[in-house]
Amino acid sequence: MLLTTPSSRGSRAQSGIANVSWLALSLLLLFSPTLGSAKSAADYYVRSLPGAPEGPLLKMHAGHIEVDAQNNGNLFFWHYQNRHIANRQRTVIWLNGGPGCSSMDGALMEIGPYRLKDNHTLEYNNGSWDEFANLLFVDQPVGTGFSYVNTNSYIHELDEMSAQFITFLEKWFQLFPEYEGDDIYIAGESYAGQHIPYIAKAIQERNNKIQNDQSIRWNLRGIVIGNGWISPAQQYPSYLTFAYEEGLVTKGSSLAKDLEVYQSVCESKISASPNAINIRDCEEILQQILARTKDTNKQCYNMYDVRLRDTYPSCGMNWPTDLVDVKPYLQRPDVVQALNINPEKKSGWEECSGAVSSTFNAANSLPSVQLLPELLESGIPILLFSGDKDLICNHVGTEQLINNMKWNGGTGFETSPGVWAPRHDWTFEGEPAGIYQYARNLTYVLFYNASHMVPYDLPRQSRDMLDRFMKVDIANIGGKPADSRIDGEKLPQTSVGGHPNSTAAEQQAKEKIKETEWKAYAKSGEAALIVVIIGVTVWGFFIWRSRRRNRGYQGVYQRDIGSGSILERFHNKRSGPADVEAGDFDESELDNLHSPGLEQEHYAVGDDSDEESPNHQPAAPPSSTKPGGAQP
């Protein structure tokens, strides 16, 4: 619980519980430094973001939350409120891998609402995941990205990581209670394939300990892992298999024979230590593939996207190309200030921390693949997806771990003994997108022509996948859904077409409003013309009649009463109710064209209550350690 603040003590005094003197209050504040420093949501509010596109700023919060007071351990988060609500309120927590790689990769290069056009200009991400879900990016473990901890206090094991993450969530929900009832999905990629199942298990254990109504059980509704490092025992041997399938190495060649020797050594190490997460001898297979497939220009395969090449020995460490803009942007002083970065953190943002990676060896942790069966059997849906051009955490290893895993009374994607769930062809807007496979609460999606970072390559397709998994229903907000089909069948509308700054539904509504307005203006114009013609006719009649009268009564001054009454009636009609034809257009009809969900704020509590500045005008809602990368 949050510590008592002066304002809340005042409300207690009003209720007659206690009468505290000013002297006692001052002493309390003096000897309770944490009381004076307790933060509120307003302290995390992002009031501006350098380089953001024109228009209202998306609602966001960012900053540090302490998870280890003894060692000054703090986790950094960046939260975006969703742009629209479909049928339920959802929050997606996103984690990148490493270990020790910042989730700002996900925020600015994959699923976040913005991408960098250059190192000082942001543009909207066409396919961002914040369309129907709040996004919470967290730099973890401590020491990663903008997160920090005292030197020599980095953590080592997966259970330490998950315990600190639960502490983070407890404190985060205290700051932002309006989101605590959301459906929660934990998503990420690469080495986050180890983190996510451990966090999911810790959430379940935390929920099971709740005995009263003083705490809220968190609604964990699913986990999503892309190109995950989940089962090293399957992933290490898949390097050579993948290299054969993609034509990186020719089977039967002298190189292949040499690599098979390394493969044999690796398999013996796995047999001796089947639960090891990091095996040095197995990493040698990947290193040899990269080193011995260089071209004449010393260009090696990009281990994250084998369609590309990179200078040796980087072999993908310079990828993706957006990195050249992300790093200088996140190191800008004005950006650091805007994101409420603790000024005591002296070091600037780094994509991946070697210190975190080398310390987090998980030597005493079981690989997360062993947690998946229990999670599935407890009712937690799991989505595993892979880009087919990734080498380091390739789809061959993911498919092998699924085939070997037993859960809910079957092995792999068995639907009955010896019968396997079919692979369904997926097309997106008329183009082959990949395959879907499902059995007993587990979904697998293979993306065609995608790298280690699928949302980086295919943002809209990945959003479509997410919407389907979360069962987003856009029927109540209208709009034309994306043409996404499984085996040629267009399933329920779960994803909208892409638009840089809104949903296609909203754009369509705006176009419909504009069309209605023009029709109304045309009607009003026609009506006004008729009124003018009538008025001119009446006025002409009045002039003609007046002149006749003046000729008959030239000796008498008389104000023409008929003239006044006709003009008054004419002006009254102009200023009073519109004529029948113009009245057919009612501006309230325009309001009805807006679906209630499109322009509605997410939560009444969260709109401006967290911005306490009286001058604030809230915006309208409107080895390898790498990007999300794995260090096998």
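Placement of Cβ uses the backbone N, Cα and C atoms for every residue, glycine included.
Taken verbatim from Swiss-Prot:
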{"type": "SIGNAL", "residues": "1-38", "note": "signal peptide"}
{"type": "ACT_SITE", "residues": "SER190", "note": "active site"}
{"type": "ACT_SITE", "residues": "ASP390", "note": "active site"}
{"type": "ACT_SITE", "residues": "HIS452", "note": "active site"}
{"type": "TRANSMEM", "residues": "524-544", "note": "transmembrane segment"}
{"type": "TOPO_DOM", "residues": "545-632", "note": "topological domain 'Cytoplasmic'"}
{"type": "COMPBIAS", "residues": "581-590", "note": "compositional bias 'Acidic residues'"}
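Overlay of Swiss-Prot annotations on the structure.
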residue : record      : DSSP class
SER190  : active site : coil
ASP390  : active site : coil
HIS452  : active site : coil
Round to a whole number and give the Cα-to-Cα distance in Å for the pair SER190 (active site) and HIS452 (active site).
8
Cβ neighbour count within 10 Å of HIS452 (active site)
31
Determine, to the nearest whole angstrom, how far the Cα atom of HIS452 (active site) is from the Cα atom of ASP390 (active site).
5
Which residues in the same chain, at least 6 apart in sequence, have a Cβ under 8 Å from the Cβ of ASP390 (active site)?
ASN227, TYR304, ASP305, VAL306, ALA450, SER451, HIS452
Just how many other Cβ atoms lie inside 10 Å of the Cβ on SER190 (active site)?
34
